[in-house]
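What follows is a set of notes on a single structure, which appears directly below.
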Amino acid sequence: MKKLSLLLLVCLSLLGLFACTSKKTADKKLTVVATNSIIADITKNIAGNKVVLHSIVPVGRDPHEYEPLPEDVKKTSQADVIFYNGINLENGGNAWFTKLVKNAHKKTDKDYFAVSDSVKTIYLENAKEKGKEDPHAWLDLKNGIIYAKNIMKRLSEKDPKNKSYYQKNFQAYSAKLEKLHKVAKEKISRIPTEKKMIVTSEGCFKYFSKAYDIPSAYIWEINTEEEGTPNQIKALVKKLRKSRVSALFVESSVDDRPMKTVSKDTGIPIAAKIFTDSVAKKGQAGDSYYAMMKWNIDKIANGLSQ
């Protein structure tokens with residue numbers, strides 16, 4: 001009788017252990033790594049509280065050239081899914097992402113995915129070859145919707161039990177971005193034609209320019225090149241002296257000294273800081289993808305209408 005009772009107790013204990021283990025497995029959240037704060041924010045809007053999310057490049061830092069920390073390698077090696085921009089961002093310059101996923105023993109299209117998949121690529125000036133793509137596709141809100149859709153698709157594949165949750169969030173989020181896209185087109189269209197030009201430090205507004213029908217100019221073309229050389233500044237100053245542009249802009253993640261020199265030499269004021277490669281710090285204006293795009297649209301429209 002004692003043996004029978006002991007056996008029953010062991011069986012019940014094992015059953016309880018199995019039930020707890022099964023519950024932990026069922027409750028286990030996906031671990032997701034995003035290469036920068038913009039992709040992380042879009043992911044958060046789709047994934048909600050269903051994932052554990054880590055963003056590699058800190059807010060305010062340049063994602064073109066970054067040196068991953070040991071913690072980044074650890075998080076990446078443990079991740080169920082990794083989202084990166086692609087099109088010459090993390091794999092351009094010092095190719096930091098290529099090295100990271102190699103060290104983390106991750107495989108493309110199995111562990112890590114480009115959220116820019118199916119975006120119509122724009123190239124750097126006078127270039128059409130691989131490695132010369134302009135990576136700033138997210139500055140067109142329509143491309144932001146493509147990013148969100150790709151993230152939703154991959155999360156649904158990795159975590160099918162929450163597929164309907166991800167789809168529902170995508171529908172709401174994409175509608176929000178679509179509405180802002182229409183607002184952008186309307187606001188930018190009201191800028192006087194002779195003043196219609198976005199002038200920034202890096203030439204990162206090609207996608208924005210095409211989407212919202214506004215030309216752009218810059219000091220240097222991409223952050224992996226020389227930045228703010230005397231010849232670059234001289235060329236932009238010469239161009240601006242022939243224009244009626246009323247405002248300059250400087251990105252939040254770059255050194256503002258070259259643009260201050262341009263402003264001094266042309267007499268054109270710097271209207272505002274705008275966001276390109278990173279969202280703002282939490283609690284500040286522009287601390288999400290939606291908020292940074294709204295900020296940019298408002299500052300550009302207001303600055304160039306003066």
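In case you wondered, yes, glycine gets a Cβ from its N, Cα and C as well.
The divalent metal cation binding site feature in Swiss-Prot is assigned to His64, His136, Glu202, Asp277. Annotated N-palmitoyl cysteine per Swiss-Prot: Cys20, in sequence order, evidence recorded as sequence analysis. Residues or ranges marked as S-diacylglycerol cysteine by Swiss-Prot: Cys20. For 1-19, the entry in Swiss-Prot reads signal peptide.
Neighbour density for Asp277 (divalent metal cation binding site): within 10 A of its CB lie 26 other CB atoms from the protein chains shown.
Note: His136 (divalent metal cation binding site) has non-local neighbours Cys204, Phe205, Lys206, Tyr207, Phe208, Thr276, Asp277, i.e. same-chain residues 6+ apart with C-beta under 8 A of its own C-beta. Note: the divalent metal cation site is recorded as His64, His136, Glu202, Asp277; in the same chain, Asp62, Pro63, Leu89, Pro135, Cys204, Ile222, Asn223, Glu251, Ser253, Thr276 also have Cβ atoms within 8 Å of that site's Cβ centroid.
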